[in-house]
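Q: Okay, here's the structure, questions in a sec.
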């Protein structure tokens, strides 16, 4: 049984790696007069990046035989619906005022264009895999105070300026001619003529560097200064935390450990207080250990996914406008790393002397994927009702389900089998008493909600600067390519999570509260709550997004991302605290 699964995983990995191979220059070589691939992709309101529609959903000049490009899996995930554009831009062929078509717009078509202009619609196209954007029209507001008297115009004349080097297309720019517009303010039929011009210019930029213009914006000096300030801020935060923890160790823990380890008489005759009194309860297994094991397994998987994605980004796998490479990679890596989730969850569950591995396996497989799938199907239904290209085709949905059933599920089961076979005993330096110790009443600042709020705020301080750029890239049109800085910030976030979780656990143990297992996980994962809070702030204060569809997509997917971050950082915080507690109580004599 295992051999076909291994072959399937290997084949899937090879297929995914094929998506990473960048376009070879030889496939973009043309001779004078050759047809260059030119695709019209989608249109949509500029303020709502998720709300996109097919190009020919608007009443443009449509050819008699509408040809669609066969979309790849990644393009379908990305919402791309490529059709051959009505423009003919042959290699090195200049054109002057070329007419696409003449048509008479009906009242309904005029109203449709007026709506798109009012909502600031844009059009996106690809010429030789180079992205192009242009707005559909303009609103005339000069000297008009009453919005009801605004005039709406659509552009009918586009000017293409194309740069080439030898036999390669290097760059394309599109401009509108404001002298050629059609007034679509009133609901009346109107004649329109769509035209375009093409001008070719030579450049010295080689083909290998033609995408640099799209990545250079992320590396501008003022942006880099902000990123480095973010890293410096994180380093200062970590230095302060380490200084505080060092002071605690030198002044308190070291003295207590030394007295307990060296003075046996003191240890026997003196009443133990604080964390020292918990050696018989600190390793008592937590409540709902099956749920904790599943959460830790899924959190370990999230950590593996993020690390792999960031490593691939640092290696230059993800290039701007490689259509669908990133979402394809996410889906495949998530399916493969299900083995990590199964292994981590089941192995830890057996360390805690659990006996129902099947329940842990099912819970691990569904604790994150079920909410994600429910959110996806809801949002896909919303997009379908809107007629948006964000709707995934049935074939793409089937492929995703097959990946989950034929790759993710076998990987999860194989990981669980390995975790059950490679079992090890829980390493506890102290014996656990039969009767649990009663936890004394805690002050308000030592309760779990308060500690989660304090810990999450410190974690969030490490990443909040980077969040703006990430949000502007995912939910906007900014290009983010500095994966190396993002990777450094991620490492600093992990270190901060571990240190603060340890500090919170020590504060809890010092108050003679031995129920640290779940609290360490919750404090570590509290960043996810702050992330979702920041998304609310970003939606209402930093963006112009509106409408039911865009709001549903934004908060639906941000809720899933925040939940994944909660599981991932909760796992980091828990394992850091587990290591700390083992080292702490391993230094004293526990009879």
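Using N, Cα and C of the backbone, Cβ positions are placed for all residues, glycine too.
Residues annotated as signal peptide in TrEMBL: 1-25. Taken from TrEMBL, the feature transmembrane segment covers 226-250, 290-318, 324-348, 360-379, 391-417, 452-471, 477-504, 516-540, 552-585.
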Q: Most CB pairs under 8 Å with the transmembrane segment (552-585): which of 324-348, 391-417, 477-504, 516-540?
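A: Most Cβ pairs under 8 Å with the transmembrane segment (552-585) come from 516-540.
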Q: Can you tell me which parts of the same chain pack against the transmembrane segment (452-471), counting only residues 6+ beyond its ends and a CB-CB cutoff under 8 A?
A: 218, 223, 226-227, 229-230, 233-234, 237, 241, 478, 480, 485-486, 489, 492-493, 496-497, 500-501, 504, 522-524, 526-527, 529-531, 534-535, 538, 542, 569
Q: Of the listed stretches (290-318, 360-379, 391-417, 516-540), which one yields the highest count of Cβ-Cβ distances below 8 Å with the transmembrane segment (324-348)?
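A: Ranked by Cβ pairs under 8 Å, first place goes to 290-318.
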Q: Report yes or no: does the transmembrane segment (516-540) come within contact of the transmembrane segment (360-379), defined as 3 or more CB pairs under 8 Å with a sequence separation of 6 or more?
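A: No, the transmembrane segment (516-540) and the transmembrane segment (360-379) are not in contact.
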